[in-house]
Amino acid sequence: MGKRSRLRKKEHQNNSKPGGRDNRDNAGWGAGYADIIKENKLFEAYYQELGLVPEGEFDQFMAAMREPLPATIRITGYKSHAKEILHCLKNKYFKEIQEVEIDGQKIEAPQPLSWYPDDLAWHTNMSRKILRKSPLLEKFHQFLVSETESGNISRQEAVSMIPPLLMKIEPHHKILDMCAAPGSKTAQLIEMLHSDMDVPFPEGFVIANDVDNKRCYLLVHQAKRLNSPCIMVVNHDASCIPRLQIDTEDGQKGTLFYDRILCDVPCSGDGTMRKNIDVWKKWTTSNSLHLHGLQIRIAVRGVEQLAVGGRMVYSTCSLNPIEDEAVIATLLEKSEGALELADASVDLPGLKWMPGVTKWKLMTKEGQWYKDWSEVPVNRHTQIRPTMFPPTDTEKLANMKLERCMRILPHHQNTGAHISDGMQHHPVAHIPERREDSPPPNKKMKRHGFKEDPFVFLTEDDPVFPPIESFYDLSPDFPKINVLTRTHEGKKRHLYMVSKELRNVMLNNSERMKVINTGVKVWSRNSDGEEFGCAFRLAQEGIYTLFPYIRSRMITVSVEDIKILLTQENPYLSKLEEDAHQQAKKMGVIVLKYRPDNSNPDGPQCPIELCGWRGKTSIRAFVPRNERFHYLRMLGVEVFRDKQGQGPREEEKEVKEEVKEGETENGNKDVSPKQELRGENRGDEHLKGDEREGGGENLTST
């Protein structure tokens, strides 16, 4: 491999290293890097010379960079019970934390991020070490871990939440996330797409891409927690991601242009020093010089696929103008007026940010400064490019409005450093680089990594449908053509669904793109099902998607019924309250439906749908472990112990008292909060295909 090829490979892999693009996505809980000295004289000298920090604030800026980054959490906003989780956090955990003292000092309770809508994002300065010092704090930490695994909370750095908010997502938007792994921002995009939970299939979709095959499986894991039929994960080099074809409404073939594009590029990561401590000793000015070309190529390829009237957000976690304003200026100049830098100054009230800069210079690794391309000697032309400097035409520079770029400095709101820019595409000129190739010339699609099972769409007359339609009494508008499986041969083990528009994309681009995963599992084969007339049981992951189409097999349950179903593995039907008991006696596979009781303000104020199966004398809820814990918390049941070995908490004892009678009657194991699912995937290195199986069927004591 030649030197240039090695360098390019290193650039593309940069996002998986300590200073890379994505490391800001998952906020830390304090750090213990006492052995690393947080000093880099070159870094200080460089940014002091550039003058990017307001006068008189540089010492504050550097002091903030040396402090541990606060931990931040975001509540999944699109789910109907987001308010319930927020209520639980505010009125239970945060109130308890306010009473905790560690080493004689009161703990500061988490605070909401003032600029994030609806109080759905919070930050705290508590470190892991402090969390371990108090049973109450340990319980809070376990709550966060469990709710994160079930997709109800994301632990994500504050500045990482900004770009998706600036995109102004609507449910009909077609969205491309160009450099998506590990997926925190992708999750936000999916949430916004599903802002109306009564619509199972939004018109829009998210195509999430990453160049690293292995990291695509982390992306799959992140996205799958949200159970959306409108997400597709693909594996391509973002700088030459293929142009896709679709069937248009008039029956013709057309090119897919995206309404929204997130271009969160690999960068030097010097804005992540508070968390990625290695950046302190590894930072040099050459990092930005090496990445500038790749960043432009990715951004240009994004612009080429942006619909007229669409918006692309470009973001980095680097403070360096060479990676930020220089790239934006290059895009604006190349577009010949087709792009405009959007004014986002009022989009996030409460967010403190600095305007973009219009003047900057660059420095080589040896310390040589250059203010203009004309100063660069010929022997430096391969490392330094004209696009790294500000435009020399003052009128052209003024028209670019680079001050609309949003610079987030760490000392202003106790965050990492971040740059975001939103660009609108207008029909006033063509984009000179727009190509009609797919992929671009001399670029062959690489198919490294795991071999994926094929995606096979079922036809409307597939023999699998009649028993399913009859058994569940599916409504006539159920979109059978959106159902797919992952095998050509043998019995279909699982059935998945994607949205209409994603189906359109998949059928027209099988040779153009490498799909890692898509869709949501809606049915799984059940060996005992055929005796009831249907071989497929409902999958909990797909209940939001299927629920609007199911017209039978539903049982209305009470709060007490749900407690029984989630704390026992196979309770007798007689354990249910009389109404639910009589309904359950008449049917096999079921949807267990809870609706809020207005007369009981202490009960959950959000609807709950669980998947279950009725045997001859008992009933079972097919709900993964962490979701069980989640729903039990919503019902006011405590599910954690204070510390390992101290025995169950009082609330846990109450749960056991409620269900132990069922254990003595029929020998069923008590599924107490100390139990977990056997076979449930928890951190497979590569979540291949349908991300392993497990999740509710088999139970064992821990």
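Don't overthink the numbers, they just go from 1 along the chain as shown.
Even glycines carry a Cβ here, placed using N, Cα and C.
Since this is a predicted model, take the numbers as computed values, not measurements.
Quick look at what TrEMBL lists:
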- C179, A180, A181, P182, G183, S184, K185, D210, D237, D264: S-adenosyl-L-methionine binding site (BINDING)
- 1-11: compositional bias 'Basic residues' (COMPBIAS)
- 643-695: compositional bias 'Basic and acidic residues' (COMPBIAS)
- 61-426: domain 'SAM-dependent MTase RsmB/NOP-type' (DOMAIN)
- 1-26: region 'Disordered' (REGION)
- 643-702: region 'Disordered' (REGION)
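Binding-site extent for S-adenosyl-L-methionine: residues C179, A180, A181, P182, G183, S184, K185, D210, D237, D264, maximum pairwise Cα distance 20 Å (rounded to the nearest whole number).
Here the Cβ of C179 (S-adenosyl-L-methionine binding site) has 27 other Cβ atoms within 10 Å, regardless of which shown protein chain they belong to. K185 (S-adenosyl-L-methionine binding site) is surrounded by 28 other CB atoms, counting those within 10 A of its CB over all protein chains shown.
The Cβ neighbour count for G183 (S-adenosyl-L-methionine binding site), using a 10 Å radius and every protein chain shown, is 31.
Around the Cβ of D237 (S-adenosyl-L-methionine binding site), 20 further Cβ atoms fall within 10 Å across all displayed protein chains.
Per-residue pLDDT, averaged over the domain 'SAM-dependent MTase RsmB/NOP-type' (61-426), rounds to 92. Here the Cβ of A181 (S-adenosyl-L-methionine binding site) has 27 other Cβ atoms within 10 Å, regardless of which shown protein chain they belong to.
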